[in-house]
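Sequence annotations record features per position, and here Swiss-Prot assigns [4Fe-4S] cluster binding site to 272, 275, 307, 314 based on sequence analysis.
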């Protein structure tokens, strides 16, 4: 197996916070999260989506609490959720207090928009009592009026100034359990804002491109923006914001981390884009394998190459490999040929091989943890 060349800078050192059972920042793995888009008051629908997001590999899930009934629903959600939950709160400090009382693991608020200093103090006191961190979420689309007047339009400098203002509110109350996000729909503005803030504070940073768009365009924008920052060692948790099923956000988030060698979840399929030389239907096989192997969490590498031009070389670098060969496709395992399979048997054989390797990896991990 060849060694992967890393372009990623050393991770920025941040002050860790604890979101339920998940550490964010410090030396913890970069966590991946998403947000439900159901009516939070609809417990069956919201719980079903939380479980689906968690099943996809999410470390954290955020729920919106726009009213008191939604905040009250947090109690039942926390009791049945398989991962820690974050409450998204705006304007009304009573919603934050209710979510805290119901056991939420983290708050996403802007201290400056939930009322007077006394109200902020009340929320911080309740968060401190429960050791619940607060994410300051700055968004280019909702910057303070005075900042828009000062800078003329949303910009990285205005976002950083807003973040520092909210950070200072919590610091003045001696509450350092903070993480911060600075999101814009513009990739360049977002990257510049995170770079600037990263040079000024050591709080964990939640990365994201807000309102990134649909599945294709949003994934590309997020991969570029988040990828740039992660490669510079900036970022402790991330959300890929898509106008799509939240489960897809988790998949794309892990794909970004996987591409940078920062964190792997599931099977990494390397496949050719196909041409006239393909000896089997690569696109159909890859689509079927993605579906059949979606349940696997172990970082198994798999190459699916349609011909002998690049196939053998790729197969030698992956745990399982397939090289097209006129109806008799070569199979590889750990760089060695192990036989041939016809097109009809190909998918089933590869699934069996990958599942067997994943099981070996699980067993080895369990043994190591038990020792």
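Heads up, the Cβ atoms here are built off N, Cα and C, so glycines get one too.
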Coarse DSSP state, helix versus strand versus coil, of residue 275 ([4Fe-4S] cluster binding site): coil
Which of 272, 275, the listed binding-site residues, has fewest other Cβ atoms within 10 Å: 275
Remaining residues near the recorded [4Fe-4S] cluster site, that is with C-beta within 8 Å of the centroid of the site residues 272, 275, 307, 314: 273, 274, 277, 278, 282, 305, 306, 309, 310, 311, 324
CB within-chain contacts under 8 A for residue 314 ([4Fe-4S] cluster binding site), separation at least 6: 270, 303, 305, 321
Tertiary neighbours of residue 307 ([4Fe-4S] cluster binding site) (same chain, Cβ under 8 Å, six or more apart): 272, 277, 278, 279, 323, 324
